[in-house]
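**Student:** Annotation source TrEMBL lists L-glutamate binding site at Arg11, Thr286, Ile287, Asn288, Asp310, Ser335, Ser336, Gly358. Annotation source TrEMBL lists active site, nucleophile at Thr268.
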Amino acid sequence: RQRKAYSIIQRETAPLASNYTILQGKENITFIGPLSIGIPGELLAYDKAYKEFGGGVSWSTLFLQQFVYVKKDFQEIFVKNHLTNELYKEGDIMKRTKLAQTLRQIAKEGVQTFYNGDLAKKIINEIQKRGGILTLEDLREYDIDFHEAISIDLNNSFKAFTSLAPSSGPILAFILNIISGYNFHSNDLNNIEKTGLFYHRLIETFKFAFAKKLQLGDPISINLTQLMINLTSKEYAQSIRQKINDEKTFSEEYYGDNMKKVLSGGGTAHISIVDQYGDAVGITSTINSYFGSTIVGEETGIIYNNQLDDFSRDQSINSNESIRNSISPGKRPISSKAPLIIIDNKENIRQVLGAAGGSKIVTSIAQVCLLNLLFEKNIKESIDYPRIHHHLHPNEIIFEQPFNRNILNELKRRGHNVTCMSYGSTVVQGIEWRPGDHQYWANSDIRKGGSPYGY
């Protein structure tokens, strides 16, 4: 065992031909359509992980189960089942022969066919036919970011690892760093006043965190050294705790820059894995929105992403967001993804967490992590528990409908505005190690369905 944690960043990248001027005056051009497509990197990340840590099975074996699900065809716009002329419903299976052929080619030839081979030519041809600007050079030049993960100590018992920028891993680390410095007890959730104080401090931390998120960017393009030091520093976390008033909240300006654009997204999935050797993996995958760019490759069957919509479109001279997250060739936009692995002081895996849900990803993971570690709820209870969220602007808490009204009243008493959000707008997948049972337990969020799979 290496006793190390690594971050593999495969964030989609702006094509070499991209620039802000091609987007001007064109509403939704980066939300749907060919100009919203970023250079995809996920396959290279899987290839890197396989070469660094895998090898127990052949590369082609990894694709076998996928062929079961995609080997039959369905219409590009699948509103109705063409066999029954009825709307598709839960339980119906839609299968895709073109995507199956693409996966079979990658299984046989390796990922280089996607980035510098016959498949690459098909990809570029079908994107450019639709008006896109990706080129073979874009695919050939793409590279992943492979480094040791961010780590922070959570009191004396646990250590957290998460992904590097431009993901939101540093923001998640910042939240956990602040909250772990408070002296909460496992039975505090049995008392409304203490629970109200916990959630008030958590919301205040979220507000400071989303102000800091504006300072994130692509570390290849922007120097983030001091920001990363601050976000993981115990001293800096203490300085933020000193700004949190236990009896009241403040306007946006108190916390820093206002969030003018909040990354939403709906085309995201996460999987948490632990194996028999004690190795853990957290993978968050996304094409950004549901069905990405809404373009399906005519030859490949690939649904292409719309990741360029995650760049800022505010190019005003005073916009901090525009400077750090503006589009330029070869640049990666800020992402909300933030997979998390927790170990104990004996280096046992205690948690593997991740989520889908755009800007709610980091706040959801933080709540599940804290409910499990600080308040000793099991992984199912922690994930099922109603959640709240705050991303600074607008200055209001949004909560899931089942959230305890007495706790909300405690928050209102401190000056918070609250509003209800749809149940299931964020989904967490998690694994925990229960030392007393000497077993791993996993849970798939009831908000989305699915179930864990064990060995």
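Placed from the backbone N, Cα and C atoms, the Cβ positions cover glycine too.
I'd like these features described in context: how deep, what's nearby, how far apart.
**Tutor:** Look at Arg11 (L-glutamate binding site): DSSP puts it in coil. Applying an 8 A CB threshold to same-chain residues 6+ apart, the list for Arg11 (L-glutamate binding site) reads Gly41, Asp145, Pro166, Ser167, Asp218, Gln307, Arg332, Pro333, Ser335.
Following the DSSP three-state reduction, the secondary structure of Thr268 (active site, nucleophile) is strand.
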**Student:** Would you mind listing, in sequence order, the residues at least six apart from Thr268 (active site, nucleophile) in the same chain with a Cβ closer than 8 Å to its Cβ?
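**Tutor:** Looking at Cβ-Cβ distances below 8 Å from Thr268 (active site, nucleophile), excluding near sequence neighbours, one finds Thr284, Ser285, Thr286, Asn288, Lys337, Ala356, Gly357, Gly358, Ile361.
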**Student:** Given the L-glutamate binding site residues Arg11, Thr286, Ile287, Asn288, Asp310, Ser335, Ser336, Gly358 in the record, what is the largest Cα to Cα distance, rounded to whole Å?
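**Tutor:** Roughly 15 Å, rounded to the nearest whole number.
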**Student:** Would you mind listing, in sequence order, the residues at least six apart from Ile287 (L-glutamate binding site) in the same chain with a Cβ closer than 8 Å to its Cβ?
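**Tutor:** Spatial neighbours, sequence-distant, of Ile287 (L-glutamate binding site): Gly267, Ser293, Ile303, Tyr304, Asn305, Asn306, Gln307.
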**Student:** Quick check: in three-state DSSP terms, what is Asn288 (L-glutamate binding site)?
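**Tutor:** DSSP assigns Asn288 (L-glutamate binding site) to coil.
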**Student:** By Cβ count within 10 Å, point out the most packed of the binding-site residues listed: Thr286, Asn288, Ser335, Ser336.
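**Tutor:** Comparing the binding-site residues Thr286, Asn288, Ser335, Ser336, the most crowded Cβ belongs to Asn288.
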